[in-house]
Amino acid sequence: MVVVHELGLLTSVVEKISEVAPGRRVTKVFMRVGDRSGVVYDSLIAAWPVASFGTDCEDAQFEAELVISTVYCPTCDAEHEIDQFYALTCPVCGTPTADLRHGREFEISSIEVEKQG
């Protein structure tokens, strides 16, 4: 099932790729997507063929790394993974923190295109 939100996001990704590699056939797209980005990972993967259809990205391999949320704890002076969506506390000592370091990513990491010529 393709979700409209993820389809719209990927349509924007395809447009951005077309801006940076105009007229080039794209063979691979790699993204980083945070678990707190508001994007449903499985829906993003499912939406790629639809978003890329009829574009230079059609038939490109699509990969997305799911980035796990981490917070910085000033008490521990360390960064820790968190798994509870609404909890912004250190999982080691329990200190409340709003310093979310990772988990909101939605970025194109790299693209590969066919060689010209």
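Including glycine, each Cβ sits where the backbone N, Cα and C put it.
TrEMBL has this to say about the protein:
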type: BINDING; residues: His5; note: Ni(2+) binding site
type: BINDING; residues: Cys73, Cys76, Cys90, Cys93; note: Zn(2+) binding site
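In three-state terms derived from DSSP, the residue listed as 'Ni(2+) binding site' belongs to a helical segment. Cβ proximity to the Zn(2+) site centre (mean Cβ of Cys73, Cys76, Cys90, Cys93, cutoff 8 Å) flags the following additional same-chain residues: Pro74, Thr75, Ala78, His80, Pro91, Val92, Gly94, Thr95, Thr97. In this structure, the binding-site residues under consideration are Cys76, Cys90, Cys93, and the one with the smallest number of other Cβ atoms within 10 Å of its Cβ is Cys93. The Cβ of His5 (Ni(2+) binding site) has Gly38, Val39, Val40, Ser43 as same-chain neighbours under 8 Å, each 6 or more residues away in sequence. Look at Cys73 (Zn(2+) binding site): DSSP puts it in a strand. In this view, Cys73 (Zn(2+) binding site) is surrounded by 20 other Cβ atoms within 10 Å of its Cβ, with every protein chain counted.
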